[in-house]
Every structure is written in C-alpha cells, then in structure tokens.
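According to TrEMBL, the feature domain 'Cytochrome b/b6 N-terminal region profile' maps to A:8-219. Annotation source TrEMBL lists transmembrane segment at A:37-64, A:85-106, A:121-143, A:155-176, A:188-210, A:241-258, A:300-319, A:331-352, A:358-381. The feature domain 'Cytochrome b/b6 C-terminal region profile' is assigned by TrEMBL to A:222-392.
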Amino acid sequence: MTERSNSLSEWLEARLPVISAFRREYVDFAMPRNLNYLWNFGAFATIALGLLILSGIFLALNYTPTVTEAFASIEMIDRQVSSGWLVRAIHMGGVSMLFASLYVHIGRGLYYGSYKAPRELLWLTGLGLLLLVMTTAFAGYILPWGQMSYWGATVVINALNSLPVIGKPLAAWLLGGEGLGNTALHRIYVLHFVTAFSIVGFVVLHVAALHVAGSNNPTGIEPAKPDDTVPFHPYYTTKDGLGLCLFLMVYAGLIFFAPDILTLADNYAQANPLVTPRDITPEWYFAPFYAILRAVPSKLGGLLLAAGSLGVLFAVPWLDASPVRSARYRPILRIALPILFLAFIALGAAGMHPPTGFWLWISRIAVTYWYLYFLILLPYLPRVEIPKPLPSSLQEPRG
Amino acid sequence: MKRFFIATLLLAGGSAHASTPEQRGFQVFRQICSSCHSLNYVTYSDLTGLGVSVPDIKSYASQHQVPDGLDEDGDPKTRPAHPSDHIGSPYPSESMARMANHGGLPPDFSRLALTQEGGPQRIIHILKSYTAPPAGTKLPLGAFYNTAMPHLHIAMPQPLHDGQVKYADGTTATIPQMANDVTAFLNWTARPHLKARHQTGIFVLAYLAGLAVLLGILKRRVWKRLKSPE
C-alpha cells in the first residue's frame, strides 16, 4: 500500500512537481518567528475572497441582469430561494470583511515598511489588487438595481464623464449608449465577473512575489540566523488558523446579527431614475474616496484628487527616503503615520455625511494631510528624523 | 422520539389559534391594507414563514385572479392565483393605482419597514396619529389630517378603526393593537428570515467559539516548542 502510493506520488512528481512545491512553499517555508497578529490579515482577505467567489457563483445562478428583472431577482433570492438569504448575506458581508482586511493589511505594510526594497513588486501587486477589488465592488453594488445602486453609479459615471478627452468615450463604452440601461447593466454584470476572477490571478502574482522576497516582520530586520525563522507549518498554520477563527466569528456576528449595517436601507427600493435620493451615500469602504471626490468644488478636480490619493500609494516605495523599514525605530513617523490612519477614518466619516460645514472642512483637512504625508513627510522627514538604534537581530526584545 | 417530533409539529401547526402579532398583522393586512397596498415580492407560500397553514394559504391565493396569457381569440385570460404567485397589487397597473388614489401611489409593503425613515416605530406612530382636524383647518384635495406628518396631512385616509377586524384569537382590535400587529407583519415582510438568521447565527458562533478555544490551545502548544530549550 505504502509502496504503491509512493510510486504514484513519484509518478506525479516526475511530471508535475506540485507535491514538493507545496511542501517547499507552504510547509517548510521559512517565516520570521516574530510576526504579530497584524500579519494574519492577508490570510483573512484570502478567505473572504474565497467565500465571495463561492457565494457569488450561487447568486449568479438566480440573478437576472435586466433593468426590469434585476431587483425582483434579488428579492427572490432573499425570500424564495432556499437558503438564498444566507448566501446573499455571506456575499454582502464578505465585501465589508474583505475591505476591512485589505485596509488593515495595507496599513500594516505602511507601518512596518513592507513596501521597501526588495518588496516593491509585492507592494505594487497588492495595490493592483486593491484597485481590482474596488472595481469589482463598485460593479457588484450596481447589480441589485436599488436606488443607491443606480444613483451611486450615476455619481461615478458623471465623474468619469468629466475627464477631458477620454471621459466621454470611456463612459459611453461602459454604458453602451446613453444612460444606465439594460446594456449597461449587462456589461457591468460581466465586468463584475471578469474583475472578480482577475483578482484570483492577481492574488497568485502577489503570493508569488511574497514567496520570493519572504515576509517582512515587525522589526523590519531581515532574518539572518537559522533560528530567526520557523517553518510555516505548524507555526503559522496554527496562528493563522486561530486568527481566521476569530475573523469568521466577527464575520458571522455581522451577517447573522447585524445584517442591516451591511447595506443602506435605500437599496431595498427599486432604482427609479426619476427620484433622486435626498443624499447619495456610498458603502463605508468607498466613503473616504467619496469624501475626497466632494472636497473641492470641481468635478474634475475631485476626481483627480481621489485618483491621486491612490496614486501616491503606488509611489510610496520611491517616496520614502528613509533606509529604516519599521516605524518602531522612527520616532516622528511613529506619530505621523497613525495620524494618517485617523485622517483616513475621518474621510470615511465625512463621506457618509452631506458635504457641508463641519464635514466638508474635516474632509479638506484630512485630504490635505493625506497628500502632505506622502509628498512631504515621506521624502523629507529622514533629513530631520533621528532613527532609534536598530537591534542586531529580529529576536532582540523590544526596548 | 418520532412521536415527540410529530407532537412538536402539531403544536407548531396549531399555533394558528394562539396567534402571534405577525399573524394578527397579516389578518389586518388581508382585510384592510391589501385593498390599496401591494406586496409585490412576497408570494402566498412565503406566508408559511408566519405559521399560516398550507390549506389557508391555498384558499387565500385562490381568491385572487392573476393574468394567464391570452385565449384563442387573443383576449387576456385570468386564473386563480397559485401559492407560488406573488401576492402583488390590488390594482392591475400603476396608473390605475394612482387614478384610484388622487394621483398618489400607495407604497409597496415588501420592504416598507426597512425603507421607511424611522422604521417600524414611525409606521406605528403614523397609524395612531389620525385625529379630527381643529376647526378651520384647510386640507388639500385628497389629504387627511395626521399629526405625525410634517405638514399635518397625509394622502392615506384613516385605515384603522376600533373593532374593524375580528381577530381569530379573540384579541380586542383597538387601533393601537392593530397598528402594532400590522407593523409586526410589515417587519416580517421586510426581514423574512430574521428568526432563522438568529437561530443559525447562534449555532455558527457557538461552533466557531469552540473551535477558537481548541485552536488557541493548539497554537500555544506548538509555539511552546520554540521557547523551551531543546
């Protein structure tokens, strides 16, 4: 029996070495031994993505992408399809959990300098993933054809229209004609699918890049001695497993006990092109960018600022002039970066409120700080900041 | 064990007599609200979720006619509704509904408790806020005096009156009682699987909590190997 299975695995190994590759990359793979729980969020995002794709396939079986039928088909999934309410809740909750994981994951990368050489491509593929996830989420939110679906899409398409030269052709290409209609809905449905599966491909690239450079760690110091690292299994399988279990508990709490906070009630009213909602609010994960879009009294200016706020992230590996990776050893950055996180949260809050008075100024101050951090602090801070002495090894206890 | 299950099922089925607020609310909807308001996305058979029995659902459905294509002469046909049909609107079209209601469209009930600003509490408040207008009040054509509305009038005539419904369980049908009951029904139409959602959630969370404890122990054991000298 043993001999037979051995020969089978040898047969497979000689033709396609998947078993040894799996062992090398997921069992014996050397990981820094000092990773904290913030390193779990990549695994969280992967699991959320997997659940989104799985639930999405089952939703697609019952969804009809036409203007007259879309809303009714979602109602049918929620009411009549067996366990449809659960599948839809997993899908809706999954988006929030995915974005939350991604934002923490990116924040962790910023704090511990995970974007610095030799991990620039890891950072860039990750941001590519963020853009794909945003596109997919935007397209997906239009599909239920509720009031917020329709008017949210209208806001974005109007912003797209304001781009000089390419704006109008781009919007026309997406919509397939004038306005949001059947053609547009069908295209957006296809876009949702295509980008969703492109994400999987991009995840493969991202993980491949990770396995070339290896994980960064909270000290930002590369492992030097053999005992600086531990094999992925069983150390990080158990740590990720525990983290995932807690992650799934939050996820379950959301979909079973607080489903209403996952969506805006307005989206349970069918899209009506003749009735504009009193205030068009985005889902929470788009709120920071929506706040930037509305922070200046110019459509094009807002769009450029919002796109630029993501654009600066792409340039971070080359904007940050400090050779020190981890913010633990950068006394000023250690304060400046949490303020950036606060600015992001403030933008999110501002995006959920009408852009007047207090909230308008909050979003203006926050977006100014956002650009100040990336364009001034990252490149020029190292000239004045005196880093704390780096420990000789990643195992040295924190002083 | 089997007997126990059958007994439980019979008890659950028999609860039509000891009715819940949702079931009483359904009775209010059926006898009062449904003469103007639609339930476009709820099917007759969905009412099993309220504990309404299958024969009752069948007889309720069969009282309504639904379009059934064209006959051989090309004239529209109708048939009695099946349990799988949507409860739908009392009017054949939106324009007919508007014509019958001074140009206003009675809102659909499917998600009203969710989309109505202020939620169920607001619905109860509106239903209870009809009073005789003070002398000298001038109301627009087709409007009725209601103190819950910002401009003190509403397009819906007072729907509930004391004793209008004879509840199957003998509850006295006062206006506040009916308002609460019909709102409980609307809350059910807006969140049809809330009970199953909570019940499933408790099991899922309990399972995950148990798993988290086990994984926590496993993780500690595995990582202990690192700290102790080999």
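From the backbone N, Cα and C atoms, a Cβ is placed for every residue, glycine too.
What TrEMBL says about a protein is an automatic prediction, not a curated fact.
As the structure is a computational prediction, the values presented were derived from the model and not from experiment.
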Would the transmembrane segment (A:155-176) and the transmembrane segment (A:300-319) count as touching if the test is at least 3 Cβ pairs under 8 Å, pairs 6 or more apart? yes
Spatial neighbours of the transmembrane segment (A:358-381) far in sequence, C-beta under 8 Å, 6+ residues away: 291-292, 294-296, 305, 308-309, 312-313, 315-316, 319-322, 330, 332-333, 336-337, 339-340, 343-344, 346-347, 349-351
Between the transmembrane segment (A:85-106) and the transmembrane segment (A:241-258), are there three or more C-beta pairs closer than 8 Å, counting only pairs 6 or more apart along the chain? yes
Considering the transmembrane segment (A:241-258), which listed stretch of A:37-64, A:121-143, A:188-210, A:300-319 counts the most C-beta pairs under 8 Å: A:37-64
I'd like to know the mean pLDDT over the domain 'Cytochrome b/b6 N-terminal region profile' (A:8-219). 95
